[in-house]
Amino acid sequence: MAKAIYAGTFDPFTIGHLNVLIEATSLFDKVIVVIADNPDKNRKINSNIMLQAIQQTVLDLPYSNKIAVLKFHGLIADLANKEDVEYLIRGIRNGIDYEYEENLAKINESFGLKTIYIRAGSLSHVSSSMVMELYRYNKEISSYVPKPVLKAIKLDEA
């Protein structure tokens, strides 16, 4: 059974992330979505709230039985080893993303992990930081995040 990990801070999980996840389910028997702690980033949305929102989002997908969602603190390579996963999924919006991800892929190769890139295509303009900036200035973000995530963002701010 081919398994992959799709890891990110997902702060928040956007329609771009969702698009990558849907594509990944067509390539793998199981996709583990991992909300990863990144000590270099200051979370804007509580990771437990985002975990629940992503779980709710994937329930509506046709292949929800192929998806697991969890939080993890540590090296993704360690989780991949524990879960017997050899593929990492990464979304690519542009050349800048590619350069960054390619450097990570080379490091992950040393742990026996292969990186699969999925292009963002028409959603290349969507980023978590852009969504949160729009939200901070009271702009409409419902076209950029799944409904459960929008609800989570509003709940987390309350």
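Backbone N, Cα and C define each Cβ position, glycine as well.
What you are looking at is a predicted structure, and each value in this text was computed from that prediction instead of being measured.
If you check TrEMBL, you get these features:
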type    : residues                                                                                                : note
DOMAIN  : 5-132                                                                                                   : domain 'Cytidyltransferase-like'
BINDING : THR9, LYS41, ILE76, ARG90                                                                               : substrate binding site
BINDING : THR9, PHE10, HIS17, GLY91, ILE92, ARG93, GLU101, LEU123, SER124, HIS125, VAL126, SER127, SER128, SER129 : ATP binding site
SITE    : HIS17                                                                                                   : site 'Transition state stabilizer'
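Least packed by the Cβ count within 10 Å, out of the binding-site residues THR9, SER124, SER128, is SER124. Within the set of binding-site residues HIS17, SER124, VAL126, SER128, the entry lying nearest in space to LYS41 (substrate binding site) is SER128 (CA atoms). Taking ILE92, GLU101, VAL126 as the binding-site residues under consideration, the smallest Cα distance to ILE76 (substrate binding site) is found for GLU101. In the three-state DSSP assignment, the secondary structure recorded for ILE92 (ATP binding site) is strand. Less than 8 angstroms from the CB of VAL126 (ATP binding site) sit THR14, ILE15, GLY16, ARG93, ALA120, TYR144, each of them six or more residues away in the same chain.
In this structure the alpha carbons, written CA, of HIS17 (ATP binding site) and THR9 (substrate binding site) are 11 Å apart. On the backbone, the CA of GLU101 (ATP binding site) and the CA of THR9 (substrate binding site) stand 14 Å apart.
Listed in sequence order, TYR98, GLU101, TYR117, ILE118, ARG119, ALA120 are the same-chain residues at least 6 apart in sequence whose CB falls under 8 Å from the CB of ILE92 (ATP binding site). In this structure the alpha carbons, written CA, of THR9 (substrate binding site) and SER124 (ATP binding site) are 18 Å apart.
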